[in-house]
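J.: Provided herewith is a single structure, encoded as structure tokens, for subsequent inquiry.
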Amino acid sequence: MSNIQVLASSQLCDKIIARPTTKFHPSIWGDRFLHYNISEQDLVCKQERVEELIQVVKKEILSSNHDQLKLIDNLQRLGLSYHFESEIEKLLEQLSIGTHHQNNNLHDVSLRFRLLRQSGFKVSSSIFEKFKDEKGNFKESLITDVSGLLSLYEASHLSYVGESILDEALAFTTTHLKAIVANSKDHPLSHQISKALETPLRKTIERLHARFYISIYEKDASHNKLLLELAKLDFNVLQCFHKKELSEIMRWWKEHEFVKKFPFARDRMVELYFWILGVYYEPKYSRARKLLTKVIALTSITDDTYDAYGTIDELELLTKAIQRWDINCMDKLEPEYLRTYYKVMLESYEEFEKELKKEELYKLEYAKEEMKRIIRAYFEEARWLNEGYLPRLDEHLRVSYVSCGYVMLIATSYVGMHDIVTHETLDWLSKDPKIISASTLLSRFMDDIGSRKFEQERNHIPSTVDCYMKQYGVSEEEAIKELNKRVVTYWKEINEDFIRPTVVPFPILVRVLNFTKVIDLFYKEGDDQYTRVGKALKESIDALLIDSIPL
């Protein structure tokens, strides 16, 4: 709820300042994640068993003539693929050159298509033409092939712009899968179908799906006991690893007294760690994950300072100081909270420098320049609000493209990723490639649509929805409908940039895709789960960071 807070500040010679404030609900987690209480001895035993099982799987399963499609799919869905990257790559290469044109099994054809395309292999969508009738429609006989429909539905989300056959496949499968759920709730696949209709695999956060699929796989009579044991143990071991990380970050948050020093800002440290966990969960990215979580936490405070608390004069001073990035600027900042913020920002980046090797510092400098850029964008938006100015959509996007923070966060996500990120990577990023622009605009639109209900409760910065309504003279409903259409197109453009050969290594692109998946979870269905933590987000955090899997 918006209100005006009047402050008497000794730092401002007892001036009375009227400032907009927004009431954000406090953290729903309290100190739950502050302490890490897990037996290290028990964890070591589990890790040793995981390593044993990995070797067994490599020797007995991956080296056999097992059903390759099913094996790859299970490894990925169970969250185990990061242990078998080279083995899966070899299997996919074999699948890509094999002769499968005579296969008329809808499930297998769709699965092969999805597995290859999501890994960047070139595979034509024309393979689905054989499932159409003489009128050009998908055959009615396919309606009874439920597993085939579900497989085709998942494959259709890997479409490129202009692939009408996959658009038709999505419409066809969605219609009939919804009917199956509505009319056959006891169907063996009904739970999987409901989950897929809610969030298809292409948009699903990998660890969340692993948690869901392990229970599905266990009920499958044909499941491999070794794979199931490995999946459960590995999930629990990773959960312990992540909880330990989170406790470190929570102590950092607590020791800096962010909640006390910036009471006007959202206290969402757990949600932010979950956000970054969706970007990369693997143990080898621990350094990158912790660094990025701290940066996104600082960014959230910055966003709330510019959007919901600071006066235009204060923000102008802060913006200029950030551009100089010099601790000597701190004395010129008034009131006290600005000095506190500025000191924390500069000291945090100094801490990051100490964690990096000398030859890695150029990555942090690049990320720092992106932080300066986002601050300039925040100030421009604050100026619009202060002047009551509603820009045209194209003018708005020149600023809000930056202010959504996406490019800065992607750049920062690369800082701690060790040698795979090079000068060439950052040069690629600086040229704003299609996958970056598509994912950034997708993020911008979903954020604006999702946070619209809350923003309307206060005097807020103009959104892309507002600008679209003004520029095209349409209703709010029509504007949102059009922006959602663009979101669909952006997903297709993201898919296109995974086609091999890629300009940058695959893990670089995966970070962008994973950021987009998290955005989909936080803002889908026109809701802002970050500002107002809802049931869906809480349950997701419970699943990954609280509830272990019974062995």
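Backbone N, Cα and C atoms are what each Cβ position is placed from, and that goes for glycine too.
Sharing the feature lines straight out of Swiss-Prot:
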- Arg266, Asp303, Asp307, Arg444, Asp447: (2E,6E)-farnesyl diphosphate binding site (BINDING)
- Asp303, Asp307: Mg(2+) 1 binding site (BINDING)
- Asp303, Asp307: Mg(2+) 2 binding site (BINDING)
- Asp447, Ser451, Glu455: Mg(2+) 3 binding site (BINDING)
- 303-307: motif 'DDXXD motif' (MOTIF)
J.: In whole Å, how far is Arg444 ((2E,6E)-farnesyl diphosphate binding site) from Ser451 (Mg(2+) 3 binding site) when you measure between their Cα atoms?
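T.: So the alpha carbons of Ser451 (Mg(2+) 3 binding site) and Arg444 ((2E,6E)-farnesyl diphosphate binding site) sit roughly 11 Å from each other.
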J.: Averaged over the motif 'DDXXD motif' (303-307), what pLDDT does the prediction give?
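T.: Here the predicted model's pLDDT, averaged over the motif 'DDXXD motif' (303-307), is 95.
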J.: Between the two most separated Cα atoms in Arg266, Asp303, Asp307, Arg444, Asp447, the residues recorded as binding (2E,6E)-farnesyl diphosphate, what distance in Å do you get?
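T.: So the maximum pairwise Cα distance among the (2E,6E)-farnesyl diphosphate binders is 19 Å.
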J.: In the structure shown, which of the binding-site residues Asp303, Asp307, Asp447 has the fewest Cβ neighbours within 10 Å?
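T.: Across Asp303, Asp307, Asp447, these binding-site residues, the one with fewest Cβ atoms within 10 Å is Asp303.
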J.: Looking at Cβ-Cβ distances, which residues of the chain lie under 8 angstroms from Arg266 ((2E,6E)-farnesyl diphosphate binding site) while being 6 or more apart from it?
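T.: Those within reach of Arg266 ((2E,6E)-farnesyl diphosphate binding site), by Cβ under 8 Å and sequence separation of 6 or more, are Phe24, Ser300, Asp304, Tyr530, Thr531.
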J.: Should Asp307 ((2E,6E)-farnesyl diphosphate binding site) be counted as helix, strand, or coil on the basis of DSSP?
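T.: SS state of Asp307 ((2E,6E)-farnesyl diphosphate binding site) = helix.
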J.: Give me the count of other Cβ atoms within 10 A of the Cβ belonging to Ser451 (Mg(2+) 3 binding site).
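T.: There are 21 such Cβ atoms around Ser451 (Mg(2+) 3 binding site).
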J.: In sequence order, which same-chain residues at least six apart have a C-beta under 8 angstroms from Arg444 ((2E,6E)-farnesyl diphosphate binding site)?
T.: Leu397, Ser400, Tyr401, Cys404, Tyr406, Thr464
